[in-house]
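Feature list (source: Swiss-Prot):
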- 1-92: region 'Sufficient for homooligomerization' (REGION)
- 1-27: region 'Disordered' (REGION)
- 188-208: intramembrane segment (INTRAMEM)
- 234-286: region 'Disordered' (REGION)
- 271-361: region 'Necessary for interaction with KIF5A' (REGION)
- 276-286: compositional bias 'Acidic residues' (COMPBIAS)
- 286-292: region 'Necessary for interaction with VAPA' (REGION)
- 344-410: zinc finger (ZN_FING)
- Cys350, Cys353, Cys374, Cys377: Zn(2+) 1 binding site (BINDING)
Amino acid sequence: MQTSEREGSGPELSPSVMPEAPLESPPFPTKSPAFDLFNLVLSYKRLEIYLEPLKDAGDGVRYLLRWQMPLCSLLTCLGLNVLFLTLNEGAWYSVGALMISVPALLGYLQEVCRARLPESELMRRKYHSVRQEDLQRVRLSRPEAVAEVKSFLIQLEAFLSRLCCTCEAAYRVLHWENPVVSSQFYGALLGTICMLYLLPLCWVLTLLNSTLFLGNVEFFRVVSEYRASLQQRMNPKQEEHAFESPPPPDVGGKGGLMDSTPALTPTEDLTPGSVEEAEEAEPDEEFKDAIEETHLVVLEDDEGAPCPAEDELALQDNGFLSKNEVLRSKVSRLTERLRKRYPTNNFGNCTGCSATFSVLKKRRSCSNCGNSFCSRCCSFKVPKSSMGATAPEAQRETVFVCASCNQTLSK
């Protein structure tokens, strides 16, 4: 009895005692997959390799449309128009079958004839372009991987910029920000629909092909160039007469003298200090090739310089020159003498340290010997009086000289 009562009361539970629900364990957070930028770069490289035939085909089409070879582009345009107008339906099916079978045959032959390279050969040829499976087998060093990632990011940024510009242009057309462009766009769409409805497909293709080849800017550029060349061939005598026509003679023969004499500017500061600063700053501002400088110096030397004594006599005898004009003529003669000194270094190098002159390594001429030095080798300052100047200002005015001249003048 008791056993049966226990068995009967076993499944019954008091209302106050409720069974505890099994506690559900909180789900563990799933680990997010790690992002590997280098794997992204490898995938991009593989995609480039897969799309390489399409890229080459696009480059070829752009080459023809830009009329880089005018004869080839003209023959292609005429040939396509003839094919579009003459081929019937059966011929088009044959062309489609040929376009499918030729790439398939080329791919099969390439796979059959391709040599299998071992790992060592792949590592040796790593600096060349790698193919599909080679990208997964060749290990790149860290600098190479960083360079690949940088190149990928640069290309991605350029692609996104072009895409944003294209989307902005499309939104401007759709939102009628420029009514002229939007009207042209929608008018072209309506005209295309009407043309597709009214004309046969062969004529539509012919018009589209002619528009692509003959309606771009490059075609008009080529036409203008050929027109100019034909005009030159047809009228060569007129151009020769135009080039050989002499300039109008000067009235009284005074034009040449007026052009050769420099204009006097009385407002310039012609004090000895300013003249010396101009002479010191002049060699630093000249950044010419040494070869050109050598030719100029040789030409100037061949012309011959006047005798200093004759210059002094001419200046003393001429009573019409003012004091400023005399000073200007003296400064110009001194500058010409400095420029006519033949440099010892014909290749644009410093005489002291053989450094090549550039924008950063400026040329400086020694005021005593006239050779070309850099600013470091020609950095010694000596008073003008040490070089024989007797003016009162020569005691306090200094000039730049090289190291050897500094030792000679300091003794």
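Glycine is no exception: its Cβ is also placed from the backbone N, Cα and C atoms.
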Sparsest-packed of the listed binding-site residues (Cys350, Cys353, Cys374) - C-beta count within 10 angstroms: Cys353
Residue counts (helix, strand, coil, in that order) that DSSP gives for the zinc finger (344-410): 16 helix, 16 strand, 35 coil
Sequence-distant neighbours of Cys377 (Zn(2+) 1 binding site) in its chain (C-beta under 8 A, six or more apart): Cys350, Thr351, Gly352, Cys353, Cys402, Ala403
